[in-house]
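Some notes on the structure that comes next.
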Amino acid sequence: MEIARDISEELKVSYLDYAMSVIVGRAIPDVRDGLKPVQRRILYAMYEMGLYSNRPYRKSARIVGDVLGKYHPHGDSAVYDALVRMAQDFNMRYPLIDGQGNFGSIDGDEPAAMRYTEARLTKLAEEMLADIDKETVDFIPNFDATLKEPVVLPARLPNLLINGSSGIAVGMATNMPPHNLREICDAIIAYIENEDITVEELMEYVKGPDFPTGGIIVGTGGIRDAYQTGKGKITVRGRAEIEDNSIVIREIPYQVNKANLVEKIAGLARDGKIEEIKTVRDESDREGIRIVVELKNGANAGVVLNRLYKYTQLQTTFGIINLALVDNQPRVMSLKELIAEFVRHRREVVRRRAEYELRKAEERLHIVEGLKIAIENIDEAIEIIKKSESTEVARRGLVERFELTEKQAEAILQMRLQRLTAMEIDSLLKEYRELKEKIEELKAILASRRKIDEIIIRETREIAEKYGDERRTRILADVGEITEADLIAEEENLLIVTKSGYAKRVDLKSFRAQGRGGVGVQGINLRNEDEIAFLGIVNSAHRLILFTNKGRAYWINAYEIPKLDRVARGTSLRNMVSMESDEHVVSALSAEEFKGEILLLTADGYIKTVKLSEFENAKRSGIIAVTGEPVAVKPARGKEVIITTRKGMLVRFDRSEVPTYGRTAKGVKAIRLKSGDEIAWMDCGSEKEILLLSENGYGKRVKTGEFRKISRGGQGVICFKATAKTGNVVFAEFVRGNGLFAFSRDGNVILVNMDEISVQGRNTTGVIVARNGVVKATQVVL
């Protein structure tokens, strides 16, 4: 029989049928239990097979066979792939299947064939199936109508939110990230207690996705979009640390193939796109991921790391689409809607469970009441049974005499004689009372939605306490928070800058304290009459503001200056900032951010306070810092300022006397220099002692009170008895540390404990601190 029909209409109808079949029956999870049909059938088949978490494993091939034969008449590879994924802890935040054998790896290795692997349910999967035997969910016939399968699982835990889901259907796709169980449970409880709660308020509980592989989510904008509208895009970075001259990657973004990532990094090094990479090693083991990217000497690890983010999957984007089936219809949902649908499902499950238990309790109470009547009239009941010709006659006799039902009479006839003991009678009466109480309790639950909600809250708390764990994925508030500095191993280093413009950072541990009067150890390799221009302590994660003899300021990230060993020369600052050929660094300042103020002193004795924010735009091209040649720059701290001259004079005045000016201003007179004298050092603070050091290595500590406080602009008082033996003064600071670094002209450095330097009067020469070389730079360290 032929049916004439327009082909375009047939295609429309048939394609729509096909599309809905894929959407409902294959690719999109149900919002209630977060499972696709194949996943649900696998879990239910394993439940029927008795593969609980405390039972032995069973061959995967056996499980796949049961699923295919009973519920899922499709290819075996599709079933096995779904089973494997539910067992992979790098794909599932909370695995539902406990696998034994090779179930694949984060390197993309294929799992072993199903005949080799074994599996069983996890405890969490058992929670998904809890109460399924209490008529809590609907069952439908399987594909050949020989068995029944559940439409949805009772799901005590919010599987869709904690494990996420991904799938491509026809004309639509879902891509939901996993979350932290504790956070989601807290949000569920908050929603139940206040259904008018906003998404913003829910985000106080749910910080964002929590991936099984950890990593860092950059920015919260995409998270907020996804939670409010159901769609958003987030940036995920691997977690890396800089250790010595290597980048160590300890976590990678979700669903990134580790082996491919390592190969990509090696390829970038091989092709010369990242020349600073020396080797790449995958040192991962059972303890976790460890990819070591070893760099060449002098390489800037921060810059290399940023390039890895740019050119490899060490940084990826995750497009969130919260699409799930609600009443068999696909729908994109906000975080609140997802939680609301789960709560609606749990209310239905708890209600149906209570109805089931109430029916069973009432049925049992009916029987117990019959047994109770029989026991109360035991002699007469036995007499009726003895005189009856058959069981049917006895049943009828009991029904007529005691007004029992058929079920009650049958229970009396089947009662064993041992139930007539006093203990058994007491037990029966106890059961009777307990059933009455239980029935009242169940009726109260069914009569009150609040009681149902209290049960859901209690069970949700139990799930969180039993299976909850700490968040693995770190979330940074916005993109601006994650810079190269955030990924640098934060530490304090000794910064050394030479007059010719070479600089390096050195680990403080490279130097050990020596006795006073030593010659020290080599601290830098100086060439061609070069000398130390500046010595200071810098934080590797801070900005480094450089001040030059031309009165200009530049800033770079401190970590851009390579961290090298003691004997290395360093790297040229001229490759980092635009200094002129006759320009060199005279001072530097380490600052976490451009806040606060600094004191800036020029060679002709003028001083001013400047806001650090004035230098934020300096960067590599530089800006004017002061009119004149700066000789000292210090953070504005403490209440007093001290300025020392090379001939041994010191002026001490209140910091409040130094007004705040703009960058281009000259400032106010700080000290009046005698003819032939020069400024040696400047510091500000409030400490009780001042440390002084001369160029030939003589040093002493002097009580701050020995220097009378005067107004700025004076000549000051003598602070050091400078002679041909001691040399001129090169350093004077408030004592706020435990050690003293002193660098000589030839690059040697000595570290002396502060308590070895004696306290003396103003007009003394001090004690020998360092020998064999003119001291060119000094720094007090904590």
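Positions of Cβ are set from backbone N, Cα and C atoms, glycine also.
Remember, TrEMBL labels are computer predictions, not curated facts.
The coiled coil annotation in TrEMBL falls on one of the ranges 173-200, 285-312, 425-452, namely 425-452. Given the ranges 227-233, 514-520, 759-765, the record in TrEMBL names 514-520 as motif 'GyrA-box'. Neighbour count (other Cβ atoms within 10 Å of the Cβ, all protein chains): 13 for Tyr116 (active site, O-(5'-phospho-DNA)-tyrosine intermediate).
If you take every residue in the coiled coil (425-452) and average the pLDDT, you get 91.
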